[in-house]
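If you check Swiss-Prot, you get these features:
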- 120, 123, 149, 152, 181: Fe(2+) binding site (BINDING)
- 123, 148, 152: Zn(2+) binding site (BINDING)
- 5-25: transmembrane segment (TRANSMEM)
- 32-52: transmembrane segment (TRANSMEM)
- 61-81: transmembrane segment (TRANSMEM)
- 109-129: transmembrane segment (TRANSMEM)
- 137-157: transmembrane segment (TRANSMEM)
- 171-191: transmembrane segment (TRANSMEM)
- 195-215: transmembrane segment (TRANSMEM)
- 236-256: transmembrane segment (TRANSMEM)
């Protein structure tokens with residue numbers, strides 16, 4: 001099994017960590033969840049804009065028009081997909097004082113599982129493609145995806161557990177959303193494998209960079225603010241950028257870049 005595929009599997013499996021937290025009652029504070037989302041957004045923004053897009057543009061045969069064009073395609077593709085997906089709000093379900101009715105909880109959990117699963121599929125593709133092209137960036141993307149998969153697993157498992165009273169069912173439902181991400185990576189591995197030209201890989205990377213920027217700005221940062229409105233999510237974003245930037249410098253200095 002390839003390292004990029006293993007990274008994708010681990011990132012998707014992080015959903016189960018959140019699911020377990022959602023049923024054992026040891027829920028992290030909203031402040032911690034919000035910071036982790038901001039941290040993940042910071043990692044994605046730095047890798048996308050400072051590493052993935054420049055690397056794609058430096059590829060022989062990749063014109064600036066095609067590179068930036070694919071970046072915009074990624075941005076627009078994310079927002080088009082976002083418009084088509086059913087929307088439920090995990091931040092409403094993670095509030096400690098929220099007490100919705102049993103029926104509403106179950107319906108929201110179904111929509112939430114479906115929506116998160118559809119969102120997670122391209123994240124699995126992005127993790128695999130990035131790691132295939134540059135392993136150190138793949139580690140960064142996998143870490144960012146894993147960090148924001150934890151609150152997603154928590155958001156699904158909590159309401160399902162409240163609606164069904166079954167810990168096993170709650171973890172299973174949350175796991176479905178994580179499996180969608182793993183499925184994205186596995187299908188990419190089966191379809192692309194190593195039979196792909198550098199230019200095509202660069203075009204995919206540019207599009208993935210656009211998706212990651214849109215995901216960070218449109219979903220992760222606003223969600224962090226809604227979960228914890230009393231604190232600025234920018235702190236988590238800046239920390240994520242700083243830690244990821246420092247780690248990339250250290251890896252390059254050590255000869256892994």
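The backbone N, Cα and C atoms fix where each Cβ goes, and this holds for glycine too.
Annotated features taken from Swiss-Prot, shown on the structure.
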residue: 120; record: Fe(2+) binding site; Cβ within 10 Å: 25
residue: 123; record: Fe(2+) binding site; Cβ within 10 Å: 27
residue: 148; record: Zn(2+) binding site; Cβ within 10 Å: 28
residue: 149; record: Fe(2+) binding site; Cβ within 10 Å: 27
residue: 152; record: Fe(2+) binding site; Cβ within 10 Å: 28
residue: 181; record: Fe(2+) binding site; Cβ within 10 Å: 32
Stretch with greatest number of CB pairs under 8 Å, the transmembrane segment (5-25) reference, 32-52, 61-81, 137-157, 171-191, 195-215 candidates: 137-157
Whole-number Å value for how far residue 148 (Zn(2+) binding site) lies from residue 181 (Fe(2+) binding site) (Cα to Cα): 12
Proximity of the transmembrane segment (61-81) to the transmembrane segment (171-191), 3+ C-beta pairs under 8 angstroms: no
Within-chain partners of the transmembrane segment (195-215) [C-beta distance under 8 Å, separation at least 6 from its ends]: 44-45, 47-49, 52-53, 55-57, 59-62, 66-68, 70-79, 122-123, 125-126, 129-130, 132-133, 141
Distance [Cα-Cα, Å, rounded] between residue 120 (Fe(2+) binding site) and residue 148 (Zn(2+) binding site): 11
